[in-house]
Amino acid sequence: MAEPGSGPGGARDEEPGKEGAAPAPKKRRLAGGERYVPPPRKLSTGVSFGAEHFAETSYYFEGGLRKVRPYYFDFRTYCKGRWVGRSLLHVFGTEFRAQPLDFYRAAARAGRLRLNEEPVRDLHIVLKNNDFLRNTVHRHEPPVTAQPLRILAEDEEVVVVDKPSSLPVHPCGRFRHNTVIFILGKEHGLTELHTLHRLDRMTSGVLMFAKTAAVSKRIDEQVRERQLEKEYVCRVVGEFPEHEVVCEEPILVVSYKVGVCRVDPKGKPCKTIFQRLSYNGKTSVVKCLPRTGRTHQIRVHLQYLGHPIVNDPIYNMEAWGPDRGKGGKIGKTDEELLKALVEEHRSKQSLEILGIAEEDLNSGGENKDCGDSGDCTKSAEADPINGNSCPAEDVKDPERDTKDPERDEKDPERNVKDPERNDTAACPPNSDINQETLEKDKELGSCGNQDGQTGQKGWEEKDPLCVECRMSRRDPSPKELVMFLHALRYKGAGFEYCSDMPEWARDDWEE
């Protein structure tokens with residue numbers, strides 16, 4: 001995402017007349033009444049987070065949770081090809097139905113919608129190629145566990161951390177400051193890190209970053225050559241067999257939006273080796289050695305074997321049937337399964353445990369989004385209206401994924417991701433926003449943000465256009481934010497990093 005006055009990659013435009021500056025493009029002669037669209041800004045590759053991003057807001061801790069104070073934030077995007085020739089009003093009404101059209105009209109009147117950095121005065125304006133849209137939203141992030149992000153090792157080449165469960169690696173979906181990358185930057189002064197592998201949002205354990213592109217490239221080559229060894233530990237339902245168990249069932253993604261996979265002959269080939277470490281009469285601690293790296297591989301294979309992870313919020317749910325998906329027996333179509341999973345979590349008011357919310361489920365088609373995984377792999381297209389995206393700025397790391405055709409191989413318990421995913425809307429759908437509410441307090445509605453600057457003043461008072469400010473969501477308990485799956489060891493040529501065994505995996509642990 002571009003900073004004000006900069007290109008989408010964060011590089012500021014060079015000043016005319018200075019050495020090395022590109023000559024100013026000649027303006028095409030416009031027909032009478034034709035609207036001028038500036039040329040797209042040059043992208044600058046590189047890691048894009050810095051002090052100005054970290055200063056957007058602050059943390060506070062409450063009830064065993066790390067929370068983020070609500071803040072104003074700009075989502076930005078260039079006009080999609082399919083929008084060209086359509087009016088803004090038509091695009092809002094057909095593609096961004098999370099809010100009624102009156103909401104978008106009020107947002108425009110409040111100065112929150114900008115086209116090519118000019119306030120949108122008329123939603124009937126027809127979009128053109130290279131149009132640049134900006135939407136200012138009052139952003140609320142879900143809480144994560146208050147467990148500290150512990151640094152296991154650091155030298156001139158790498159940083160290795162012990163990631164708590166519930167914490168996404170990178171900004172994505174509704175998460176930005178409550179992510180590993182932002183906590184490392186805000187609390188440890190570690191910036192410009194390159195991701196070497198990823199973990200699911202709900203998976204804890206060893207997570208490794210490179211400090212330079214050269215180190216990232218070197219370790220990435222080990223990933224491609226299958227020279228890395230990864231070891232996980234988990235606690236599963238029932239008495240796992242004492243002997244070594246090898247599962248090679250192929251895995252298919254059922255839904256990117258919810259983040260659900262299952263065993264299917266049409267899926268990708270997989271292999272996981274399991275070895276029981278202990279059994280306490282009810283549950284077993286199992287060591288997991290993935291030999292491939294498919295999405296949710298360990299969790300899906302354990303479910304197939306009839307021993308799902310004890311507190312897995314997806315693969316140990318009643319929605320899978322009486323046998324919880326053992327042997328691949330589900331008895332439902334994929335659509336029926338997804339509906340049952342969503343309804344089960346909705347009844348428990350725990351949809352956010354999956355990394356989704358009601359507004360995601362009402363936002364339209366199936367997109368390859370974060371779901372349970374909560375971490376993007378690449379830059380993504382933004383919904384400039386509700387902030388429905390992982391902004392391009394948020395994940396601009398040229399050393400990630402671009403070199404590896406099998407992205408899943410970087411980590412088998414990584415996220416269900418795709419650069420075309422949509423994110424959670426800043427304001428939930430079906431909210432009782434009446435016109436009077438939308439219109440009141442226009443000074444506050446403008447966010448004090450007409451120059452494009454965002455910041456943390458928004459947490460101090462409620463925003464009249466933000467439904468989240470008037471909603472009361474149930475906070476998850478710290479226990480709900482822990483899943484019993486932990487990345488214990490990460491080993492490659494010339495390095496090996498290991499964390500402590502989690503408390504729930506110890507022999508003396510009591511349920």
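Cβ coordinates are placed from backbone N, Cα and C, and glycine is handled just like the others.
In TrEMBL, annotation is done automatically, which means it is predicted and not curated.
As annotated by TrEMBL, active site applies to Asp200.
The compositional bias 'Gly residues' annotation in TrEMBL covers 1-10.
Annotated compositional bias 'Basic and acidic residues' per TrEMBL: 393-423, in sequence order.
The compositional bias 'Polar residues' annotation in TrEMBL covers 447-456.
The DSSP breakdown of the domain 'Pseudouridine synthase RsuA/RluA-like' (158-303) into helical (H, G, I), extended (E, B) and coil residues amounts to 28 helix, 55 strand, 63 coil. Marked as domain 'Pseudouridine synthase RsuA/RluA-like' by TrEMBL: 158-303.
The annotation region 'Disordered' is assigned in TrEMBL to 1-41 (among others).
What TrEMBL records for 361-462 (among others) is region 'Disordered'.
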Restricting to the domain 'Pseudouridine synthase RsuA/RluA-like' (158-303), report the mean pLDDT as a whole number.
94
Taking the Cβ of Asp200 (active site) as centre, how many other Cβ atoms lie within 10 Å?
31
